[in-house]
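A.B. asks: Relevant sequence annotations retrieved from Swiss-Prot are reproduced here:
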| type | residues | note |
| --- | --- | --- |
| DOMAIN | 78-269 | domain 'ABC transmembrane type-1' |
| TRANSMEM | 14-34 | transmembrane segment |
| TRANSMEM | 86-106 | transmembrane segment |
| TRANSMEM | 112-132 | transmembrane segment |
| TRANSMEM | 146-168 | transmembrane segment |
| TRANSMEM | 201-221 | transmembrane segment |
| TRANSMEM | 248-268 | transmembrane segment |
Amino acid sequence: MIENRPIARVIAHLMLVLGIIIVAFPIYYTFIASSMTSNDIIRPPMSLLPGDHLSANYTEAMVGGVERVVGVSLERLLFNSFVVALAIAIGKIVISFLSAFAIVFFRFPFRMGFFWMIFITLMLPVEVRILPTYKVIVDLGLIDTYAGLTLPLMASATATFLFRQFFLTIPGELVEAARIDNAGPFRFMRDILLPLSRTNIAALFVILFIYGWTQYLWPLLVTNDAKMNTIIIGLKRMVDFTDASTPWNYVMVTAILAIIPPVMVVVLMQRWFVKGLVETEK
């Protein structure tokens, strides 16, 4: 039985409040800065109260302010990031799910060897993989394309490993029942594995969507056309703007808008996490 200790509860709540402040203050600071002019932002000390240019900054950023700075509209930057993040998340889940399904439920020569070949890629540094991958993308003519931005990032040894470990916990009785019912591999996957894996898929989707949304190095390498830049690349280019002083008001507006899609994904998928905690899957 857990004892009710008032002091312990107070300390726990204080730690929780402190954690919330540490996480939320940079976002609040960015939002406040997005309501000010660039001169107000760089003039110390910056006020912690909202400024008078909130609607003007967001309107100007959306209707051409960002485009004048980086050569591409804010809407296009957000769209590119959304396409890249969604394609990477879905691609990783589909490929990893099918790979783990084949490794666990099919009997073919060297299947464990293939699994360890996939798993060992986790030990390779990004620098080792990125140069040959870039060479392949150049040879295939995929520079400045969505395929070049997403295809090399779709394979995931981590997701394959997680799906494999989950599939190994599937009771053998379910597999035998499917065989008795004359269910083929596709039907077994559709009717049994997918329903059982929905919370795992939801959790991975959130993680992988954020992973795709925050990509910086790979989009920087494979995009030369500003119209193919993602929101992260756009932010970097605004900060490095050299024709005049950095437009910090647009930078802050873009940063706030860049936060919204990942937050929406987390909020929309949250009930699947709760469902996974309170329900028995098998």
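Heads up, the Cβ atoms here are built off N, Cα and C, so glycines get one too.
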A.B. asks: Which residues of the same chain, at least 6 past either end of the transmembrane segment (248-268), have a Cβ under 8 Å from a Cβ in it?
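C.D. replies: Distant contacts of the transmembrane segment (248-268): 27, 30-31, 33-34, 36-38, 41-42, 53, 57-58, 60-61, 65-66, 69, 74, 77-78, 81-82, 85, 205-206, 209-210, 213, 231-232, 234-235, 238-239.
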A.B. asks: Which sequence positions outside the transmembrane segment (14-34), separated from its termini by at least 6 residues, show Cβ-Cβ distances below 8 Å to it?
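C.D. replies: Sequence-remote neighbours of the transmembrane segment (14-34) are 41, 46-51, 54, 57-58, 248-249, 252-253, 255-256, 259.
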